[in-house]
Amino acid sequence: MERGPVVGAGLGAGARIQALLGCLLKVLLWVASALLYFGSEQAARLLGSPCLRRLYHAWLAAVVIFGPLLQFHVNPRTIFASHGNFFNIKFVNSAWGWTCTFLGGFVLLVVFLATRRVAVTARHLSRLVVGAAVWRGAGRAFLLIEDLTGSCFEPLPQGLLLHELPDRRSCLAAGHQWRGYTVSSHTFLLTFCCLLMAEEAAVFAKYLAHGLPAGAPLRLVFLLNVLLLGLWNFLLLCTVIYFHQYTHKVVGAAVGTFAWYLTYGSWYHQPWSPGSPGHGLFPRPHSSRKHN
């Protein structure tokens, strides 16, 4: 006869626990939303500052020029010194794929939410197509330079024996080594991706300033791009410290910077180009009429 109150008390305790968990979940969601809002606002403000972007360009130059000096002050046996480390295989070797995936989603959301026009969205996304062409073209050019400047060597216990094989393909087919001037494609790609992502992400500050819709999904995609940009900076530093010869890294970074300048610094400002980031997205202030 006394089981009824006990069961009722148990159900009441369960309901209270469920309500408590519901309240806790709401608090956690509120905290996550607040952090997402605050983090995206601050990151947009930093990336949207022209002065800070110029300092960022100076930072990249300093990393490539002076970063190799750190090789004398770091542990050569660290995981980042291995060509087979996780970040090198999963991220650096596929840096353009990661950049296109994250940045493509950001550009798609920003442009379409700002204009609601498919044609304008496609035009802005075409910058990534140009970037892919730049990456493919640079890779082929680097291989051509290596072919034109190289020679074929056979590794022997006493050293290297020079062979007269005419090109890299026949040299490698014979089981030998082809040694030429190798421009660092990783340094080129990471430098190009860093400059490109910083340029594209800077638009978010204007987007927010114009009061355009900026829900949690868009802010999350933006912050993911910021995190990827930070990762590219870190991996660029690791690359210049642990891998490649000094001039190979400097030339790779210089070519990446030049490719960015030709596209974002010059061509994209022309009317027959894909357009610069933010072009045509925001209403211009009405200019005052001139009186005669």
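Glycine residues also receive a Cβ, built from the backbone N, Cα and C atoms like all the rest.
Taken from Swiss-Prot, the feature topological domain 'Lumenal' covers 1-18 (among others), and the record attributes it to a curator's inference.
Sequence annotations record features per position, and here Swiss-Prot assigns transmembrane segment to 19-39 (among others). Sequence-distant contacts of the transmembrane segment (19-39) (same chain, six or more residues past either end, CB-CB distance under 8 Å): 216, 219-220, 223.
Long-range contacts of the topological domain 'Cytoplasmic' (40-54) within its own chain (CB-CB distance under 8 A, at least 6 residues past either end) are made by residues 198-199, 201-208, 214, 219, 222-223, 226. The topological domain 'Cytoplasmic' annotation in Swiss-Prot covers 40-54 (among others).
Feature annotation from Swiss-Prot assigns transmembrane segment to 55-75 (among others).
Look at Swiss-Prot and you will find 76-94 (among others) tagged as topological domain 'Lumenal'. Remote same-chain partners of the topological domain 'Lumenal' (76-94), defined as residues 6 or more beyond its termini with a Cβ less than 8 Å from a stretch Cβ, comprise 186, 189-190, 231, 235, 238-239, 241-243.
As annotated by Swiss-Prot, transmembrane segment applies to 95-115 (among others).
The annotation topological domain 'Cytoplasmic' is assigned in Swiss-Prot to 116-141 (among others). Taken residue by residue, the topological domain 'Cytoplasmic' (116-141) breaks down under DSSP into 24 helix, 0 strand, 2 coil.
Taken from Swiss-Prot, the feature transmembrane segment applies to 142-162 (among others), supported by sequence analysis.
Outside the topological domain 'Lumenal' (163-187) by six or more residues, the chain places 64, 92, 95, 138-139, 142, 145-155, 236, 239-240, 243-245, 248-249, 251-253, 255-256 with a CB less than 8 A from a CB of the stretch. The topological domain 'Lumenal' annotation in Swiss-Prot covers 163-187 (among others).
In the shown protein chains, 21 other C-beta atoms lie within 10 A of the C-beta of H186 (active site). For H186 (among others), the entry in Swiss-Prot reads active site, with the evidence type sequence analysis.
Per Swiss-Prot, the feature transmembrane segment maps to 188-208 (among others).
Same-chain residues lying 6+ beyond the ends of the topological domain 'Cytoplasmic' (209-220) with a Cβ under 8 Å from its Cβ atoms: 33, 36-37, 40, 106, 109-110, 113-114, 282-283. Among the features that Swiss-Prot reports, topological domain 'Cytoplasmic' is placed at 209-220 (among others).
The transmembrane segment annotation in Swiss-Prot covers 221-241 (among others). Listed by sequence, the residues of this chain that lie at least six past the ends of the transmembrane segment (221-241) yet keep a Cβ under 8 A from its Cβ atoms are 36, 39-40, 43-44, 47, 60, 63-64, 67-68, 70-71, 74, 80, 87-88, 91-92, 95, 98-99, 102-103, 105-106, 109, 184, 186-187, 190-191, 193-194, 197-198, 200-201, 204, 249.
Per-residue confidence over the topological domain 'Lumenal' (242-249) averages 86 (mean pLDDT, predicted model). The topological domain 'Lumenal' annotation in Swiss-Prot covers 242-249 (among others) and rests on a curator's inference.
Among the features that Swiss-Prot reports, active site is placed at H244 (among others). A 10 Å cutoff on Cβ-Cβ distances gives H244 (active site) a total of 19 other Cβ atoms nearby, all chains included. In this structure, H244 (active site) belongs to neither helix nor strand by DSSP; it is coil.
Annotation source Swiss-Prot lists site 'Important for catalytic activity' at H248, citing sequence analysis. Sequence-distant neighbours of H248 (site 'Important for catalytic activity') (same chain, six or more apart, CB under 8 Å from its CB) are Y181, T182, V183, S184, T187, listed in sequence order.
Counted over residue pairs 6 or more apart, the CB atoms of the transmembrane segment (95-115) and the transmembrane segment (55-75) come under 8 Å in fewer than three pairs, which marks the two as apart. Sequence-distant contacts of the topological domain 'Lumenal' (242-249), counting only residues of its own chain at least 6 positions beyond either end whose CB sits under 8 Å from a CB of the stretch, comprise 64, 68, 71, 76, 80-81, 83, 181-184, 186-187. Separating the Cα atoms of H244 (active site) and H186 (active site) is a whole-number distance of 9 Å.
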